[in-house]
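What TrEMBL records for C:20-41, C:48-67, C:73-91, C:125-147, C:203-223, C:253-278, C:290-315, C:327-350 is transmembrane segment.
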Amino acid sequence: MTVILGQTFTGISIGAVLLLIALGLSLTFGQMNVINMAHGEFIMAGAYTTYVLQKSITSAGLSLLVALPVAFLVAGALGALLEWLLIRRLYLRPLDTLLVTWGVSLMLQQLARDIFGAPNVQTRAPDLLTGNITLIGGDDPLTVANSRLFILGLAIAAVVALSLTLRMTSLGRRIRGVVQNRDLAEVSGISTERVDRTAFFIGSGLAGVAGVALTLVGPIGPTMGTNIIIDAFLVIVVGGIGQLKGTVIVAFVLGVLQSVLEYSTTVSVAKVLVLVGIVAFLQWRPQGLYTLRTRSLV
Amino acid sequence: MVAGAAALAAAVALSACGAKTDAGGSSDKAAKADTSGDTVKVGLLNSLSGTMAISEVTVRDSLKLAIDEINAKGGVLGKKIKPISEDGASDWPTFAEKASKLIREDRVVATFGCWTSASRKAVKPVFEKNKSLLFYPVQYEGLEESPYIFYTGATTNQQIVPALDYLKSQGKKSIYLVGSDYVFPRTANKIIKAYAAANGMKVLGEDYAPLGSTEFSTIANKVKASKADAVFNTLNGDSNVAFFKEYKSAGLTATSMPVVSVSIAEEEVKSIGSQYLAGQLTAWNYYQTTAGAANTEFVKAYKAKYGQDKPTSDPMEAAYTSVYLWKAMVEKAKSFDPEKVKAASDGITFDAPEGKVTVDGASQHIYKTARIGKIGTDGLIEQVWDSGKAIKPDPYLKGYSWASGLS
Amino acid sequence: MTDSRLPLLKERSALKGRSARAWAGFAAAAVALFALAPLALSDFRLGLLAKYLCTAMVAVGICLAWGRGGLLTLGQGVFFGLGGYAMAMHLKIADAGPGNLPDFMQLYGTATELPWWWQPFANPVFALAATVLLPMLVAALLGSFIFRRRVKGAYFAILSQALTAAFAIWLIGQQATTGGTNGLTDIQGFFGYDLNDPINQRMVYFIIAAALLLLIALARQLIHSRYGELLVAVRDSEERVRFLGYDPANVKLVAYVVAAGMAGLAGALFVPAVGIISPAMIGIVPSIEFVIGAAVGGRASLAGAVLGAIGVAWAKTALSEEFPAAWTYFQGLLFIVALAFLPGGLASLVGMVQRRRASHASEEPSPALPVGEAA
């Protein structure tokens, strides 16, 4: 029993990490249909931001709190720059964006290697976040890592903030307007260029926040982005483009699935099963779990 | 289409003139190394880009240090050494390509490098085919004796077996195995299981994660639930960072369940952080803190050349040592010819930073002292146990009765 | 978007001219590959060229599927790997000799005889056929599902990547039977010929060069057939093709399967040329690298894709020999410049020059590349 509960919690915590890294993509890929392979490197930028800040802020807890908004700005700025330099030329060619941003990601990785060195760097986590809390005591205790709880909280907060922004603010209305009908939005007096850039800023900024969170559980190095980017895209694809709730549900489902399969088989087998499962699922529902109803023929 | 068919026909016609595999006794096709002139070239074959660059760049640096030192003292047989550095790019076919370039285009007299078993397996046929020498400086999974490779890192009976002996002497009765999914961990774990079966230890679980995997919460749960006395860790690279962060979060500590790692050296400690590693164990043949005048000098020279914050580690030391061993072999043979160098290799000794090492000519491995270390809060590793004397290399574990069924 | 405003006659004469030029190019390529390169290059460099030509064979398929069909195949690594492993498995069995297990199985495995799925590969005819047919079969199975369900654009690209990742992880996990990360190494013979012999290495090079020319000829036939026009039509406007009564799924499927077979053949010939096949050739990164050559040279032009693939592979060797770090920047820049600013690749530059040279009076047919993609 403890095992099942434990694995469910583990799955939810894996899901929270997935959700956090995919959330920014749900805006840039899901809403704007831009496949940004450099998203992983924006996550990396967020993680390195934490590392740099810790050089001047000695308290691990404080540096983490400061890093969250700073990383959002750093990664967001990188994203807006990328949008302005390259992506705005490519809105009509989504597949080319994939390859162009792959090139950008290669260059950003090498840049990180040149600035910070090829080896991983270390950050300190506040002591509070390296411990765990016991949910069920006894001989076979069920514990949950504080770092995972923190990431879960952060992911939920980010989802809430993003969906409120999209629903309640005028910026959100403009973004949705542009997504649904770009031409109509333009004739209604919305500067679609500015909306695109702002949306890209927010989406990339969320990657930066994810990067800060990842310093608690994973390595901080030049290649950290490549390891997770495909997983993040799969979450969006399975969840359905343009739907925040699809992303949220799928992130947690995939997390739990991965952890349960890992427990009963091996990590490699679990990974292969999850990937093959995703491919099979998309045969059944090629547009993902939730689809935005449109009048398009496809 | 016609041209294509004609081309194919031409190719088939041409194919008639090659040697058959069973023809035997083909002429000596080895590329001759260039030993004319007052310099000789040696190849340095390491990944300078890609995932393995993290580790292999440090090996390249210490190889260069050794070469510079030797050149400053007059070189080898009166000739200066000119290193040609090639990038294997963490990609095994590239390693094979670059090895072949070094031997056939640059005509080097010997090559130093490679890290992963996969890269070594990829270049092994190239060196054998061209009858050229490779010095391989990293601990590995044993079960190999190529006539053209000198192995200056530990084989299994100089690292894994002593680590198990140490755990046994500490009264650890059950262990859990965690490793990356590739040759070294899988072979190492096979040996560990055979040892455990013969020595009354229980192996409570065995888990592999794909290389580069950074999600370890489930494995940490499994390890925790097993309540093993100790964990034997053969993870490599990035995975170690995620594993130890998760390990600590799960409430596991070095006192409750120590982890013995065989791929974490000083450089890796620096990137994971002593916050997560303090008190955990490692098994190597050399630490930056190893006592002895030779090591003090090595560490001093390395830091002077590459920076005060740069640590030295076991593979770096083995690489540094390999250049000096090659020099001694060449001087004994009075020739750069690979066959003569091999013939001269038996019994060559060198006062290495890890202590005195001796080449075993039969297996082309070296005698090494095994050392267990404990990671300190300062990021350095302190020795807590050593094997007392240099252990004779035994890549096929022929001297261990429990290992008879392994290969 | 290929609107044909040209009078029919003019188009025909343009076609004839194009065909003559193609023959000239083809002959020049044959001379370069069979006469110039073997004379000018050392054994070592010729071996490298053989490796580049294998990449070019993959690029021919990519040109067909991506350049002409709009299918961004980011999973060519799988087919390359299937072909490579099929060939390497046979060669390993042959090296070991009858009754013996391949060396790595003796080291890492526990089995005393060949696993059942290895056994058919002992037969050379089966193995040779499998190098091409196995990738085609897998592609046909996958493609018939994917295209019938109208998965396309980004979904298709990401799905391909997921599959490559799954295949690589699976291969690595089966160390006892696939060699794991090491792959299948130390291949000594090639159907009875000793690969250590430089003459035989040359023979391998000639076979590869001939195979590449054959594939180019085949692809050209396909591109200039009715099918080729249909394929471009599907790329540019799938819906219109459907309304005309064709099934776009089948059109795409053929391009996908042919490209897979080409990648399989390339993988199979890569094995004797390099002597190794490993999961390192299969993952997500190599799959993307296969695409870049075609993209730089010009994805929609056969000559562009082939020369691009050879050029990029050569640049990788040359640059990474001198400046490993610079190579990464350069590779990144190549992607960006080629795709963001020169979507037709270098081949489109040639086209531009030609168009300028031709007087204003005669309009060339619009470039063989869509402005927008059917996403």
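From the backbone N, Cα and C atoms, a Cβ is placed for every residue, glycine too.
Long-range Cβ contacts of the transmembrane segment (C:327-350) within its own chain (Cβ-Cβ under 8 Å, at least 6 residues beyond either end) map to 292, 294-301, 303-305, 307-308, 312, 315-316, 319-320, 367, 369. The stretch with the most CB contacts under 8 Å to the transmembrane segment (C:125-147), chosen from C:48-67, C:253-278, C:290-315, is C:253-278.
By number of Cβ pairs under 8 Å, the transmembrane segment (C:48-67) is matched best by C:290-315 from the list C:20-41, C:73-91, C:203-223, C:253-278, C:290-315. Using a Cβ-Cβ cut-off under 8 Å and counting only residues 6 or more beyond its ends in the same chain, the transmembrane segment (C:20-41) has close neighbours at 49, 53, 202, 205-206, 209, 212-213, 216-217, 220, 303.
Sequence-distant contacts of the transmembrane segment (C:290-315), counting only residues of its own chain at least 6 positions beyond either end whose CB sits under 8 Å from a CB of the stretch, comprise 25, 48-49, 51-53, 55-56, 58-60, 62-63, 66-68, 72-74, 76-77, 80, 212, 216, 219-220, 223, 263, 330-331, 334-335, 338-339, 344-348, 350, 367-369. Under 8 Å from some Cβ of the transmembrane segment (C:253-278) lie the Cβ atoms of residues 47, 50-51, 54-55, 57-58, 60-62, 64-65, 68-69, 71, 73, 76, 79-88, 91, 128, 131-136, 138-140, 143-144, 147, 179, 181-187, 190, 195, 201, 204-205, 207-208, 211, 215, 219, 222, 227, 231, 290, all in the same chain and six or more residues away from its ends.
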